[in-house]
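Participant: I have a structure I would like to understand better, so I am pasting it below and will then ask my questions one at a time.
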Amino acid sequence: MNTTPTTPSLHIATWNVNSLNVRLPQVLQWLAENPVDVLCLQELKLVDEKFPHAELAAIGYAAQAFGQKTYNGVAILSRLPLHDTMRNIPGFADEQARVISATVDARTQGEIRIINGYFVNGQEPGSDKFQYKMQWLEHLHALVHEQLRLHPRLVLLGDFNITPDDRDTWDPVGLKDTIHHTVEERAAFQSLQALGLHDAFRLFPQAEKSFSWWDYRMLGFQKNRGLRIDHILVSNALQASVTQCSIDRAPRKYPKPSDHAPVIVTLG
DNA sequence: ATGCCTTGCTTAGCAAGA
(Lines of atoms letter the chains of each structure in order from A and count residues from 1; the text may use other names and numbers.)
(Lines give C-alpha, C1' and ligand atoms only; values in the text may rest on other atoms or scores of the structure.)
Protein backbone atom coordinates (compact mmCIF):
# COMPACT_ATOMS: atom_id res chain seq x y z
CA MET A 1 0.00 0.00 0.00
CA ASN A 2 1.31 3.43 -0.91
CA THR A 3 1.06 5.65 2.14
CA THR A 4 3.06 8.52 0.67
CA PRO A 5 0.87 11.62 0.90
CA THR A 6 0.20 13.03 -2.55
CA THR A 7 1.17 16.65 -2.97
CA PRO A 8 -1.86 18.48 -4.34
CA SER A 9 -1.23 20.52 -7.45
CA LEU A 10 -1.38 24.28 -7.24
CA HIS A 11 -3.29 26.43 -9.73
CA ILE A 12 -2.44 30.08 -10.28
CA ALA A 13 -4.30 32.28 -12.76
CA THR A 14 -4.29 35.81 -14.16
CA TRP A 15 -7.21 37.74 -15.66
CA ASN A 16 -7.60 41.33 -16.79
CA VAL A 17 -11.30 41.86 -16.00
CA ASN A 18 -11.69 45.43 -17.40
CA SER A 19 -13.70 46.71 -14.41
CA LEU A 20 -14.26 44.42 -11.43
CA ASN A 21 -17.47 46.33 -10.76
CA VAL A 22 -18.94 45.12 -14.05
CA ARG A 23 -17.25 41.72 -14.09
CA LEU A 24 -17.65 40.54 -10.45
CA PRO A 25 -20.49 38.10 -11.29
CA GLN A 26 -18.28 36.58 -14.00
CA VAL A 27 -15.32 36.32 -11.63
CA LEU A 28 -17.52 34.54 -9.07
CA GLN A 29 -18.92 32.22 -11.75
CA TRP A 30 -15.47 31.48 -13.17
CA LEU A 31 -14.05 30.71 -9.71
CA ALA A 32 -16.97 28.39 -8.98
CA GLU A 33 -16.12 26.45 -12.13
CA ASN A 34 -12.33 26.89 -11.83
CA PRO A 35 -11.47 26.92 -8.12
CA VAL A 36 -7.85 27.97 -8.62
CA ASP A 37 -5.73 28.56 -5.53
CA VAL A 38 -4.66 32.05 -6.59
CA LEU A 39 -6.29 34.46 -9.06
CA CYS A 40 -4.54 37.70 -9.95
CA LEU A 41 -6.73 40.44 -11.42
CA GLN A 42 -5.91 43.59 -13.37
CA GLU A 43 -7.89 46.69 -14.37
CA LEU A 44 -10.13 46.72 -11.31
CA LYS A 45 -11.08 50.36 -12.03
CA LEU A 46 -12.28 50.85 -8.47
CA VAL A 47 -10.99 52.25 -5.19
CA ASP A 48 -10.10 49.90 -2.33
CA GLU A 49 -13.17 51.00 -0.34
CA LYS A 50 -15.32 49.46 -3.08
CA PHE A 51 -13.41 46.20 -3.39
CA PRO A 52 -15.84 43.25 -3.00
CA HIS A 53 -14.09 41.47 -0.12
CA ALA A 54 -17.32 40.03 1.33
CA GLU A 55 -18.52 38.45 -1.92
CA LEU A 56 -15.12 36.81 -2.45
CA ALA A 57 -14.80 35.68 1.18
CA ALA A 58 -18.18 33.98 0.80
CA ILE A 59 -16.67 31.62 -1.78
CA GLY A 60 -13.44 31.11 0.16
CA TYR A 61 -11.11 33.75 -1.24
CA ALA A 62 -9.23 36.38 0.74
CA ALA A 63 -7.88 39.28 -1.29
CA GLN A 64 -5.15 41.88 -1.22
CA ALA A 65 -6.18 44.81 -3.40
CA PHE A 66 -4.49 47.92 -4.73
CA GLY A 67 -6.94 50.06 -6.62
CA GLN A 68 -7.57 53.60 -7.73
CA LYS A 69 -10.43 55.56 -9.19
CA THR A 70 -11.39 54.93 -12.87
CA TYR A 71 -8.16 53.35 -14.10
CA ASN A 72 -5.72 50.49 -13.43
CA GLY A 73 -5.90 48.59 -10.15
CA VAL A 74 -4.65 45.08 -9.29
CA ALA A 75 -5.52 42.39 -6.76
CA ILE A 76 -4.44 38.95 -5.58
CA LEU A 77 -7.26 36.56 -4.60
CA SER A 78 -6.24 33.45 -2.70
CA ARG A 79 -7.66 30.43 -0.91
CA LEU A 80 -4.26 30.02 0.76
CA PRO A 81 -2.76 32.44 3.29
CA LEU A 82 -1.09 35.58 1.89
CA HIS A 83 1.54 37.71 3.60
CA ASP A 84 4.14 40.42 2.98
CA THR A 85 2.03 42.42 0.52
CA MET A 86 3.85 45.14 -1.42
CA ARG A 87 2.25 47.82 -3.57
CA ASN A 88 3.80 49.22 -6.76
CA ILE A 89 7.58 49.48 -7.18
CA PRO A 90 9.51 50.84 -4.19
CA GLY A 91 11.76 53.71 -5.28
CA PHE A 92 9.67 54.46 -8.39
CA ALA A 93 7.13 57.20 -7.77
CA ASP A 94 3.97 56.27 -9.67
CA GLU A 95 0.46 57.72 -9.45
CA GLN A 96 -0.92 54.60 -11.10
CA ALA A 97 -1.80 51.39 -9.22
CA ARG A 98 -0.14 48.73 -11.37
CA VAL A 99 1.69 46.18 -9.21
CA ILE A 100 0.80 44.13 -6.16
CA SER A 101 3.09 41.45 -4.74
CA ALA A 102 2.52 38.95 -1.95
CA THR A 103 3.79 35.63 -0.67
CA VAL A 104 1.45 32.65 -0.86
CA ASP A 105 1.85 29.97 1.77
CA ALA A 106 1.21 26.85 -0.30
CA ARG A 107 1.70 24.62 2.72
CA THR A 108 3.30 21.31 1.61
CA GLN A 109 4.42 23.06 -1.60
CA GLY A 110 6.26 25.76 0.32
CA GLU A 111 6.03 29.50 -0.21
CA ILE A 112 5.73 31.23 -3.56
CA ARG A 113 6.27 34.93 -4.20
CA ILE A 114 3.67 36.38 -6.57
CA ILE A 115 4.21 39.62 -8.51
CA ASN A 116 1.00 40.70 -10.26
CA GLY A 117 1.38 43.51 -12.80
CA TYR A 118 -0.84 45.58 -15.03
CA PHE A 119 1.89 46.69 -17.40
CA VAL A 120 1.66 50.09 -19.07
CA ASN A 121 -0.14 50.10 -22.43
CA GLY A 122 2.04 52.72 -24.09
CA GLN A 123 -0.51 53.83 -26.67
CA GLU A 124 1.94 54.55 -29.51
CA PRO A 125 5.69 54.12 -29.99
CA GLY A 126 7.45 57.45 -29.48
CA SER A 127 4.65 58.94 -27.36
CA ASP A 128 5.03 60.16 -23.76
CA LYS A 129 3.03 57.13 -22.68
CA PHE A 130 5.48 54.84 -24.51
CA GLN A 131 8.37 56.52 -22.69
CA TYR A 132 6.56 55.92 -19.40
CA LYS A 133 6.06 52.28 -20.43
CA MET A 134 9.77 51.76 -21.03
CA GLN A 135 10.75 53.51 -17.78
CA TRP A 136 8.19 51.48 -15.86
CA LEU A 137 9.55 48.27 -17.42
CA GLU A 138 13.09 49.22 -16.35
CA HIS A 139 12.01 49.71 -12.75
CA LEU A 140 9.92 46.54 -12.78
CA HIS A 141 13.03 44.68 -13.97
CA ALA A 142 14.97 46.00 -10.96
CA LEU A 143 12.14 45.01 -8.61
CA VAL A 144 11.94 41.46 -10.01
CA HIS A 145 15.73 41.13 -9.84
CA GLU A 146 15.68 42.07 -6.16
CA GLN A 147 12.63 39.95 -5.35
CA LEU A 148 14.17 36.88 -7.02
CA ARG A 149 17.21 37.24 -4.77
CA LEU A 150 14.92 37.21 -1.71
CA HIS A 151 12.42 34.68 -3.10
CA PRO A 152 13.85 32.17 -5.61
CA ARG A 153 10.41 30.57 -5.93
CA LEU A 154 8.67 33.38 -7.79
CA VAL A 155 5.88 33.90 -10.32
CA LEU A 156 5.59 37.12 -12.35
CA LEU A 157 2.22 37.33 -14.04
CA GLY A 158 -0.40 39.69 -15.37
CA ASP A 159 -1.30 41.79 -18.37
CA PHE A 160 2.11 42.54 -19.88
CA ASN A 161 0.80 44.48 -22.88
CA ILE A 162 3.65 42.91 -24.89
CA THR A 163 3.55 40.20 -27.57
CA PRO A 164 6.75 38.23 -26.90
CA ASP A 165 7.17 37.32 -30.57
CA ASP A 166 5.37 37.01 -33.90
CA ARG A 167 3.57 33.82 -32.86
CA ASP A 168 1.69 35.94 -30.35
CA THR A 169 -0.12 38.24 -32.78
CA TRP A 170 -2.82 37.63 -35.37
CA ASP A 171 -1.11 39.95 -37.87
CA PRO A 172 2.68 40.02 -37.50
CA VAL A 173 3.13 41.83 -40.82
CA GLY A 174 0.41 44.50 -40.56
CA LEU A 175 1.13 45.18 -36.88
CA LYS A 176 4.93 45.11 -37.14
CA ASP A 177 6.51 47.81 -34.92
CA THR A 178 3.13 48.99 -33.63
CA ILE A 179 2.35 49.11 -29.89
CA HIS A 180 2.80 45.72 -28.15
CA HIS A 181 4.98 44.61 -31.08
CA THR A 182 8.02 46.90 -30.93
CA VAL A 183 11.62 45.74 -30.69
CA GLU A 184 11.99 47.76 -27.46
CA GLU A 185 9.03 46.11 -25.71
CA ARG A 186 10.10 42.64 -26.80
CA ALA A 187 13.67 43.32 -25.60
CA ALA A 188 12.23 44.31 -22.20
CA PHE A 189 10.30 41.03 -22.11
CA GLN A 190 13.48 39.14 -22.94
CA SER A 191 15.45 40.94 -20.25
CA LEU A 192 12.85 39.82 -17.70
CA GLN A 193 13.33 36.25 -18.94
CA ALA A 194 17.09 36.72 -18.67
CA LEU A 195 16.67 37.13 -14.89
CA GLY A 196 15.80 33.42 -14.84
CA LEU A 197 12.11 33.44 -15.70
CA HIS A 198 10.25 31.20 -18.14
CA ASP A 199 7.08 31.86 -20.13
CA ALA A 200 4.98 28.99 -18.74
CA PHE A 201 2.76 28.91 -21.83
CA ARG A 202 5.76 28.16 -24.06
CA LEU A 203 7.01 25.31 -21.88
CA PHE A 204 4.42 23.17 -23.69
CA PRO A 205 3.25 22.60 -27.26
CA GLN A 206 0.40 25.02 -28.00
CA ALA A 207 -2.05 25.54 -30.82
CA GLU A 208 -1.10 28.19 -33.37
CA LYS A 209 -2.87 31.52 -33.01
CA SER A 210 -3.36 31.16 -29.26
CA PHE A 211 -4.31 34.56 -27.88
CA SER A 212 -5.43 36.05 -24.55
CA TRP A 213 -6.95 39.35 -25.76
CA TRP A 214 -9.29 40.24 -28.62
CA ASP A 215 -10.51 43.71 -29.60
CA TYR A 216 -14.16 44.41 -28.83
CA ARG A 217 -14.45 46.01 -32.27
CA MET A 218 -14.54 44.47 -35.73
CA LEU A 219 -15.63 41.02 -34.44
CA GLY A 220 -12.10 40.51 -33.11
CA PHE A 221 -12.91 37.39 -31.10
CA GLN A 222 -15.13 35.79 -33.72
CA LYS A 223 -12.34 36.19 -36.29
CA ASN A 224 -9.64 35.25 -33.74
CA ARG A 225 -7.86 38.54 -34.41
CA GLY A 226 -6.13 38.64 -31.07
CA LEU A 227 -2.88 39.04 -29.19
CA ARG A 228 -1.17 36.96 -26.51
CA ILE A 229 -0.27 39.67 -24.02
CA ASP A 230 -1.28 38.06 -20.68
CA HIS A 231 1.57 35.98 -19.34
CA ILE A 232 2.73 33.80 -16.46
CA LEU A 233 6.50 33.67 -15.95
CA VAL A 234 7.94 31.16 -13.49
CA SER A 235 11.39 31.25 -11.93
CA ASN A 236 14.13 28.66 -12.45
CA ALA A 237 13.31 27.12 -9.07
CA LEU A 238 9.69 26.48 -10.11
CA GLN A 239 10.14 25.58 -13.77
CA ALA A 240 10.46 21.81 -13.24
CA SER A 241 7.20 21.69 -11.27
CA VAL A 242 5.09 23.33 -14.00
CA THR A 243 2.83 20.66 -15.51
CA GLN A 244 0.41 22.76 -17.58
CA CYS A 245 -0.37 26.24 -18.81
CA SER A 246 -3.48 27.21 -20.77
CA ILE A 247 -5.72 30.06 -21.82
CA ASP A 248 -9.42 29.68 -20.97
CA ARG A 249 -11.34 31.27 -23.86
CA ALA A 250 -14.74 30.45 -22.33
CA PRO A 251 -15.20 33.75 -20.42
CA ARG A 252 -14.58 35.70 -23.63
CA LYS A 253 -17.86 34.17 -24.87
CA TYR A 254 -19.88 35.33 -21.84
CA PRO A 255 -22.39 38.14 -22.41
CA LYS A 256 -20.66 41.49 -21.71
CA PRO A 257 -17.21 39.89 -21.49
CA SER A 258 -13.84 41.32 -20.57
CA ASP A 259 -11.69 41.72 -23.69
CA HIS A 260 -9.09 39.45 -21.98
CA ALA A 261 -9.30 35.73 -21.15
CA PRO A 262 -7.78 34.08 -18.05
CA VAL A 263 -4.43 32.27 -18.22
CA ILE A 264 -3.85 29.39 -15.79
CA VAL A 265 -0.68 27.59 -14.72
CA THR A 266 -0.53 24.29 -12.82
CA LEU A 267 2.38 23.50 -10.51
CA GLY A 268 2.98 19.91 -9.39
C1' DA B 1 -9.38 55.27 -41.14
C1' DT B 2 -8.76 60.64 -36.73
C1' DG B 3 -13.87 55.00 -37.56
C1' DC B 4 -15.28 50.34 -35.44
C1' DC B 5 -16.58 48.67 -28.73
C1' DT B 6 -16.47 49.19 -23.63
C1' DT B 7 -15.93 51.57 -19.27
C1' DG B 8 -15.93 55.47 -16.08
C1' DC B 9 -17.15 60.01 -15.22
C1' DT B 10 -21.02 62.41 -15.15
C1' DT B 11 -25.69 62.72 -17.28
C1' DA B 12 -23.12 64.44 -23.31
C1' DG B 13 -19.36 63.65 -25.00
C1' DC B 14 -14.51 62.65 -23.68
C1' DA B 15 -10.34 59.75 -22.30
C1' DA B 16 -8.29 55.46 -22.41
C1' DG B 17 -7.76 50.96 -23.54
C1' DA B 18 -4.81 47.62 -27.00
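Placement of Cβ uses the backbone N, Cα and C atoms for every residue, glycine included.
OK, TrEMBL features for this one:
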- A:D159: active site, proton donor/acceptor (ACT_SITE)
- A:H260: active site, proton acceptor (ACT_SITE)
- A:N16, A:E43, A:D159, A:N161, A:D259, A:H260: Mg(2+) binding site (BINDING)
- A:13-260: domain 'Endonuclease/exonuclease/phosphatase' (DOMAIN)
- A:N161: site 'Transition state stabilizer' (SITE)
- A:H260: site 'Interaction with DNA substrate' (SITE)
Participant: Restricting the comparison to the recorded positions A:N16, A:E43, A:D159, which residue's C-alpha is spatially nearest the C-alpha of A:H260 (active site, proton acceptor)?
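Facilitator: Smallest Cα separation from A:H260 (active site, proton acceptor) among A:N16, A:E43, A:D159: A:N16.
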Participant: DSSP on A:N161 (Mg(2+) binding site), three-state: which is it?
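Facilitator: DSSP assigns A:N161 (Mg(2+) binding site) to coil.
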Participant: Work through the recorded positions one by one (A:E43, A:D159, A:D259) and point out the residue whose CB has the fewest other CB atoms within 10 angstroms.
Facilitator: A:D259
Participant: Within 10 Å of the Cβ of A:N16 (Mg(2+) binding site), how many other Cβ atoms can you find? Include all protein chains, please.
Facilitator: 25
Participant: List, in sequence order, the same-chain residues at least six positions removed whose CB sits under 8 Å from that of A:N161 (Mg(2+) binding site)?
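Facilitator: Spatial neighbours, sequence-distant, of A:N161 (Mg(2+) binding site): A:F119, A:V120, A:N121, A:G122, A:K133, A:I179, A:H180, A:E185, A:I229.
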Participant: By CA-CA distance, flag whichever of A:N16, A:E43, A:D259 among the binding-site residues is nearest to the residue listed as 'active site, proton donor/acceptor'.
Facilitator: A:N16
Participant: Once A:N16, A:E43, A:D159, A:N161, A:D259, A:H260 are set aside, which residues in the chain still have Cβ within 8 Å of the Cβ centroid of the Mg(2+) site?
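Facilitator: Output for this site, in sequence order: A:N18, A:Q42, A:Y118, A:W213, A:I229, A:D230, A:S258.
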